[in-house]
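*Asks:* So TrEMBL has the following annotated:
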type: DOMAIN; residues: 117-231; note: domain 'Phosphatidic acid phosphatase type 2/haloperoxidase'
type: TRANSMEM; residues: 83-103; note: transmembrane segment
type: TRANSMEM; residues: 115-133; note: transmembrane segment
type: TRANSMEM; residues: 154-177; note: transmembrane segment
type: TRANSMEM; residues: 183-204; note: transmembrane segment
type: TRANSMEM; residues: 216-234; note: transmembrane segment
type: TRANSMEM; residues: 246-264; note: transmembrane segment
type: TRANSMEM; residues: 276-298; note: transmembrane segment
type: TRANSMEM; residues: 318-336; note: transmembrane segment
type: TRANSMEM; residues: 373-394; note: transmembrane segment
Amino acid sequence: MAELLRSLQDSELVARFQRRCGLFPAPDEGPRENGADPAERSARVPGVEHFPAANGGGAPAKGLRRAAAPQAFVQKYIVKNYFYYYLFRFSAALGQEVFYITFLPFTHWNIDPYLSRRLIIIWVLVMYIGQVAKDILKWPRPSSPPVVKLEKRVIAEYGMPSTHAMASTAIAFTLLISTMDRYQYPFVLGLVMAVVFSTLVCLSRLYTGMHTVLDVLGGVLITALLIALTYPAWTLIDCLDSASPLFPVCVIVVPFFLCYNYPVSDYYSPTRADTTTIMAAGAGVTIGCWINHFFHLVSKPAESLPVIQNIPPLTTDLLVLVLTKFAVGIVLILFVRQLVQNLSLQVLYSWFKVVTRNKEARRRLEIEVPYKFVTYTSVGICATTFVPMLHRFLGLP
């Protein structure tokens, strides 16, 4: 068993998968920096291209280890099969923010708020556990070389488990389980679509060189376990927005506490910021649903009771309506996000007496967590409460 686990964690296995899919490192592996070759720099923190802590500037703020950002070194690569290249780059995007900020609101506005609420709550739970597990286990990402890494932003994060694999599995199978008794469609078709979706995202993590096979399998297995353990409580989840007037306080205090006390990593990475974004969005959606039902802005029975429904045919009029509602909602969400982010940063910069132009200050615990939390809680409330109100005002059913 130990030998099997070591083989699944081997970077060479990922490199072989890349080569079979037509992705090869270029003969010239790119410019050297400070006389060190890529292998030497990678060895300092296995699988993560970091430099030691920068000198000067005083002690880092609470919750922030002084460390250089991931290096500018990029291994050059050659693509010999563009079908796999575009397929897996697209599949990787299905596990990133651009997918969540479009698919989840789209589901709420155009398909079924009942489904979107379940999806978001399970997604938040799975992602928080996955992100925290990364910074507790501290398993390195695949070494480069031999692996070619195609993504730069998350290269500073640890590898185990793959949160892309966790999120895609959670969304695909939560959607499948939640729609089985609500919509009429062939179950086999839904199962195949769920498997294909999650499989493509999982394979994309190998192709992009961001995870080992063990990272991906670990993410899938953890998610399967979480779905099995939480499934008996899913009916309770549907009733969360009918709780007492103190419910919004708990929804804000608990996630904020978890984000503010997030495990401190040896090196700065976007893990804490991403976790705060996810937790805040979930809190905002939950509060928005509570507002809707507490103030009777929506009809509870029509939205949440499990009634078998037929999937309507896709007509031109329906397509125009769906795209219009989506465009209106996204514009309002982006406006609110930018407005609240700017205001919250200005207040925090003034409170902590930080120069506005200092972008590094955003990484400080006392600034990063509050501004992210306030911004994305506002986005969640906007998506679930104010966007539907705007839709009704504009006559968009």
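Positions of Cβ are set from backbone N, Cα and C atoms, glycine also.
Could you give the neighbours, burial and distances for every feature on this list?
*Replies:* Residues of the domain 'Phosphatidic acid phosphatase type 2/haloperoxidase' (117-231) grouped by DSSP class, helix first, strand second and coil last, total 78 helix, 2 strand, 35 coil.
Same-chain neighbours of the transmembrane segment (83-103): 21-23, 123, 150-151, 163-165, 167-168, 171, 197, 200-201, 203-205, 207-208, 277, 281, 326, 330, 333, counting only residues six or more beyond its ends whose CB sits under 8 Å from a CB of the stretch.
Beyond its flanks by at least six residues, the transmembrane segment (183-204) meets 87-89, 91-92, 94-95, 162, 164-165, 167-169, 171-173, 175-176, 216, 219-220, 308-311 of its own chain at Cβ-Cβ distances under 8 Å.
Using a Cβ-Cβ cut-off under 8 Å and counting only residues 6 or more beyond its ends in the same chain, the transmembrane segment (216-234) has close neighbours at 8, 118, 122, 125-126, 129-130, 133, 160-166, 169-170, 173-174, 177-178, 198, 202, 205-206.
Long-range contacts of the transmembrane segment (246-264) within the same chain, counting only residues at least 6 positions beyond its ends with a Cβ under 8 Å from a Cβ of the stretch, are 63, 65, 128, 132, 135-136, 240, 271-272, 275-276, 279-280, 282-283, 286-287, 290, 365, 369, 372-373, 377.
Same-chain neighbours of the transmembrane segment (276-298): 97, 100, 113, 116-117, 120-121, 123-124, 127-128, 131, 240-243, 245, 247-248, 251-252, 255-256, 258-259, 262, 368-369, 372-385, 388-389, counting only residues six or more beyond its ends whose CB sits under 8 Å from a CB of the stretch.
Same-chain residues lying 6+ beyond the ends of the transmembrane segment (318-336) with a Cβ under 8 Å from its Cβ atoms: 101-102, 105-106, 109-110, 312, 378-379, 382-383, 386-387, 390-391, 394, 396-397.
Panel annotation: around the transmembrane segment (373-394), residues 105, 108-109, 113, 252, 255-256, 259, 276-277, 279-289, 291-292, 297-298, 325, 328-329, 332-333, 336-337, 340-341, 344 of the same chain, lying at least six beyond its termini, place a Cβ under 8 Å from a Cβ of the stretch.
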*Asks:* In the same chain, which residue numbers or ranges, 6 or more beyond the ends of the transmembrane segment (154-177), come under 8 angstroms Cβ to Cβ?
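*Replies:* The answer is 47-50, 69-70, 92, 94-96, 100, 103, 115, 118-119, 122-123, 126-127, 129-131, 133-135, 137-142, 190-191, 193-195, 197-198, 201-202, 204-205, 210-212, 214-216, 218-220, 222-224, 226-227, 231, 265, 267-271.
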